[in-house]
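Q: Sharing the record's features from TrEMBL:
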type: REGION; residues: 34-55; note: region 'Disordered'
type: REPEAT; residues: 210-244; note: repeat 'PPR'
type: REPEAT; residues: 245-279; note: repeat 'PPR'
type: REPEAT; residues: 280-314; note: repeat 'PPR'
type: REPEAT; residues: 315-349; note: repeat 'PPR'
type: REPEAT; residues: 350-384; note: repeat 'PPR'
type: REPEAT; residues: 385-419; note: repeat 'PPR'
type: REPEAT; residues: 455-489; note: repeat 'PPR'
type: REPEAT; residues: 490-524; note: repeat 'PPR'
type: REPEAT; residues: 560-594; note: repeat 'PPR'
type: REPEAT; residues: 595-629; note: repeat 'PPR'
type: REPEAT; residues: 630-663; note: repeat 'PPR'
type: REPEAT; residues: 664-698; note: repeat 'PPR'
Amino acid sequence: MVTRFRLVSRSSRYATVKLSESASLCSCRLFSTSSDATHPEPESAPPPNPITGDDKLRNLRVLLQQNRIETARGALTSLVRSGSAPFTSPKELFSAFSLSSPSLKNDFSYLLFSVLIQSNMIPEATDLFFALRNEGITPSSDSLTLFFDHLGKMKQFRVTINVFLNLLESNYRPSKFMYGKSVYAAVKSSDLGKGLELFNRMKHDRISPTVFIYNVLIDGLCKNGRVNDAEKLFDEMLQRRLVPTLITYNTLIDGYCKSGNLDKTFKVRERMKADGVDPNLVTFNTLLKGMFNARMVEDAESVLKEMKDRGFVPDAFTLSILFDGYSSNERVEAALGVYEEAVDSGVKMNAYTCSILLNALCKEGKVEKAEEILGMEMGKGLVMNEVIYNTMVDGYCRKGDLIGARMKIEEMEKQGMKPNHLAYNCLVKRFCELGEMENAEQEVSKMKLKGVSPSVETYNILIGGYGRKSEFDKCFDILKEMENNGTMPNVVSYGNLINCLCKGSKLLEAEIVKRDMEDRGVSPNVRIYNMLIDGCCSKGKIEDAFRFSEEMLTKGIDLNLVTYNTLINGLSMNGKLAEAEDLFLEISRKGFVPDIYTYNSLISGYEHAGNVQRCIALYEMMKGSGIKPNLKTYHLLIGLCTKESLSEAKSLFEEMKARGLDPEADTYNIMVKGHCEKKDYMGAYDWYREMQEKGLRVDACIGGELVTGLREEWKSKEAHTVSSEMNGDKLDDVPVEEALSATKKLINGDYVFKSPHRARSQKRRGTPLWKNFHLRLSVDDVKVYAAVLEKPGDGFPNVSKWYDTVASHLAKSFPGKAVGVKIGGGVDQSEAPKTESSVLLDVKPWDDETDMKKLEEAVRSVQMPGLYWGASKLVPVGYGIKKLTIMMTIEDDLVSVDNLIEDHLTSEPNNEYIQSVDIVAFNKI
């Protein structure tokens, strides 16, 4: 206990000095020698005897002995404020008085501490507090109450906690007020655990917590995503017969909205009404934001109507929520309606609200409309700022109008504003999205010429761009450049690279980058670990995924909902559904609320396992929790139900539409395939016709299966229709004679179109039919092309054009020179020489503990005709890890490199040693 006491005292004294440097300097000046320059004494008058420090102490002692407390207070206040010599600080004054009058030390300390607080000299009071505590003196309760109040107003949260802990060590019984200020300080300093600890200590000491303390802790728990724990505190609050305030309800509503649990949100709102607590504008703004985030636009509009009915006028924050909410729900026209209504009501837009609306329009590509509104608002007095300019630059970049973006930057310069890195980053980002890395680099060079140094974000964008192109060497070069420029890479820099490596299945390199960032003092956060866990799960390496999750816990990084969802998805996809269910239960125990991704992951796993009952049970559980199923949910359920009951699948389809979810091509493809698998081809045809009417295309394989089935059932007309529509108005299977007849029509320039209107319109314009004929190769084209031995002459321009088009299409599909094949004949083996290729592979182990000798043995154990292993060597990668670089020669007709890697090298049992294989070089011999 003694050691802890000293640590607290020292840290508090240090914190006081650091936080009030100017105040300390002021205090030193106050306690230094001063002279009265406004009333100079005549030169002839003899100088008065100076009042020494001993005289001042003696005067204070006499006043205290005579119990003239208020007079002593006044004298002491004048002394500490005027700063007379020889005392340099209040603490030194206390020490001097204690030595001269030890019997009055306690009385003087109470008075001095009180005077300092009333004089608002809080740093000096803090310093004195710890000096008194070292002497075993505790100031009066009134002074401490005032002291805690001042510390809270000055946001000295750490000092507040240290002072409070010091009091607890002395067995002092703090008041409710002091507990409240200390719990508030702990939560505000992001130490929720300490706040809860003080809260429990308070109850242990039989001091009843106040509504204020409950509100503070509920707010802290909600902001940390622990909404279930916040609900428990709310229930405890009711059990203690404390009346929740508007702040209590607003805090809970905000917590439930952010956690996506709208069902609980509505229940709290109803409880609020039942308790007679009227909402305020904050309540409605919170509900609006929650509804929009949950994509419950109609509910949000109902909340907006209630708000207006209660007489509340939307403020700038409300408008920002509406603009952003409608935009994120792809309802930008509704956002414009809100703007027009605000204009009609005479509401003046500020720069922030205007930038939200402009951003919403720019994200939808409506840059022209954004410019129009911007012009109107500027006419009303809106002053352009950097945020608005950057928003417009970003809008032009999103649209692909890079010239417009540059013009906006020039306009910004003409207005006397220097474009910052954010404006240039928009251009760099757009080039990276287009894969034009050279142009992105040139834009960075322009930044530098303009005197704008690339920011960490600029470099991060470049790393992401090169990473998506799998140019990882360039990513590492950028990291080196950042360090050379004094711009230290942050967690996002490494995160971009790790994310791209994980998506490229380069898990070994991703882990090496993680180690490198740790060595450079950058700690991986939960997002970095989630990337690594997702990469492992996608490769089926569940053990490694859990190894990373355990590493997170050892480093004090809590698993979040994304972590649990990723692990559940990995387990489900690998058939480990029991373990996935265990994690599902753990989510609730950790205070999280399962979301749509949690349920979809489990449903996907059970769908793969064919467990219809559990899928339906999870579906009902999801709806009961207030979570709306999305298209993926229905696709999984419908796909599974088509194997069991087509009627149930149709019911789910109709329920999906009733929930406002529009079926996509994938939805219809699932229904068509389901009916085909049940041999109900006419039922499949009905679904096919519905999707055609909606302009959706059937999957080629599913369509082929439908055509085959219809023909088997002698539904030639329907089969012909599907086949024709799939092949773009060309017949799929016609005799060669019919195809040649079509060729004759082509020769004469009279090609028959399925759409007579299109053909007539072209003839009226006098346009040759082949000019607008976008060829999509069918079996007919190939048959006729094979029958025509050479390209027709200039006398047949239409056929010549058709011949060239088919030839170019076939050349793209079958590159290289054709050898050994004759039309109408067989394959001349003597004219078809064997082709070989030389391939260089990089074979990567799982970690530095992998036995590389056994790894190479595993590689060379793969034998097949046409495969010849060559020389190899071990190449260092980093952190003691090496990769195997090995040559091989293959006969192209006998060996597929992709199949070799997927089916042999990275599959069991070789994947015990081999993590991944990359093709470094591939050359024809």
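In case you wondered, yes, glycine gets a Cβ from its N, Cα and C as well.
Where the annotation comes from TrEMBL, it is an automatic prediction and has not been curated.
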Q: With DSSP as the yardstick, break the repeat 'PPR' (630-663) down into helix, strand and coil residue counts.
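A: Reading the DSSP string over the repeat 'PPR' (630-663) gives 24 helix, 0 strand, 10 coil.
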Q: Please give the average pLDDT for the repeat 'PPR' (385-419) in this predicted model.
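A: So the average pLDDT across the repeat 'PPR' (385-419) works out to 90.
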Q: What residues elsewhere in the chain lie close to the repeat 'PPR' (210-244), defined as a C-beta under 8 angstroms and at least 6 residues from its ends?
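A: Same-chain contacts beyond the flanks: 176, 179-180, 183-184, 187, 192, 195-196, 199, 202, 251-252, 254-256, 258-259, 261, 264, 275, 277, 560-561, 588, 591-593.
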Q: For the repeat 'PPR' (455-489), find every same-chain residue at least 6 residues outside the stretch whose CB is under 8 Å from a CB in it, and list them.
A: 421-422, 424-425, 428-429, 431-433, 435, 437, 440-441, 444, 447, 496-497, 499-501, 504, 506, 509, 517, 520, 522
Q: Give the residue counts of the repeat 'PPR' (245-279) per reduced DSSP state, in the order helix, strand, coil.
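A: When I sort the residues of the repeat 'PPR' (245-279) into the three classes, I find 27 helix, 0 strand, 8 coil.
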Q: Give the residue counts of the repeat 'PPR' (490-524) per reduced DSSP state, in the order helix, strand, coil.
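A: Output for the repeat 'PPR' (490-524) reads 26 helix, 0 strand, 9 coil.
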Q: Which sequence-distant residues neighbour the repeat 'PPR' (560-594)? Criterion: at least 6 residues beyond either end, Cβ under 8 Å.
A: 225-229, 259-261, 526, 529-530, 533-534, 536-538, 540, 542, 545-546, 549, 552, 601-602, 604-606, 608-609, 625, 627
